[in-house]
Amino acid sequence: MSGEDIYYKGDSDYWKAYREGRPRVPDSYFERIIEYHARNGGEFNVWHDMGAGSAVHTRRLAPKFKTTIVSDSGASNVEAAKTYLGEDDSYKFRVAKGEEAADLEPGTVDLVFGANMIHYTDVDETLRAVLHQLKPGGTLALGGFGLPILLDPELQNLWAEVIHRRFEVTFESNRSAVGLFVQASSPHDAVPFDTQYFRSGALRLKFNERNGWSWRRCMVPKSLDESIPHVTRFGEEDVIVHENNDDWSFEADITVMRKILETFPLPPDPVRDNLWRQLEIAFGGRVVPATWPSSLTLVTKR
């Protein structure tokens, strides 16, 4: 089984829930991408939103470029993207996996952006496809938005139990796709950039890993640390930066947390349901501060 087998091709109800339950990505995040791209000599003609889903983030970067390529491996997702973005000659749509780029002219894309998608692919093949399409001096930007941290220790512990249970069940059902889980549980730490093809010094930004809750620990229970190891494939000159960024902060009540949970497929599970009830009771009617761990990995093609 591959990541593509697990990847969800959503209907309109799924994407509605996804937009409601996933983070409101701040402008500062996309500004970092544009600043990096410009600083490294990137042009602003064509960019590619790779694995775009229903074009959740496309409008955030599209105004900076003349042409936007929107692709996803799910035909229904591409149709949802067309509906969401509307008629505009600057958008070019394609149904394709991240690993597929033969239909794109070599060296014609200035920036490739992939959010929450590369772990569903064969990473090495996807990087080859990225290199095929990128111009020399072009940028690959990999975005990742993790699972929120409640800045209340009791509630965070209970929330983690809910998420860990979901992760355990998903892993047990898909053990043959262990590579996906290794990639998903790290903010691109296991994505390598061969300096024969990419400039040295990839920038790996990690935001809001707080109070002992790393991106990985928010997702993976300690019981699976051996089955799903934390793999790092950093280059010697990679720059790794940890930041707290208040732009990702939000206020959470139990309704908000439910919407977040519903952005993931949830097969029936009485154990998870019981853990959720415990979280509901502990929350009561409270509203507590929370934040989203996120990552941004930026690298330039030679």
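Positions of Cβ are set from backbone N, Cα and C atoms, glycine also.
Here TrEMBL flags 49-141 as domain 'Methyltransferase type 11'. If you average pLDDT over the domain 'Methyltransferase type 11' (49-141) in this model, you get 97.
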Inset, instruction - Would you mind splitting the domain 'Methyltransferase type 11' (49-141) into helix, strand and coil residue counts from DSSP? - result: 32 helix, 28 strand, 33 coil
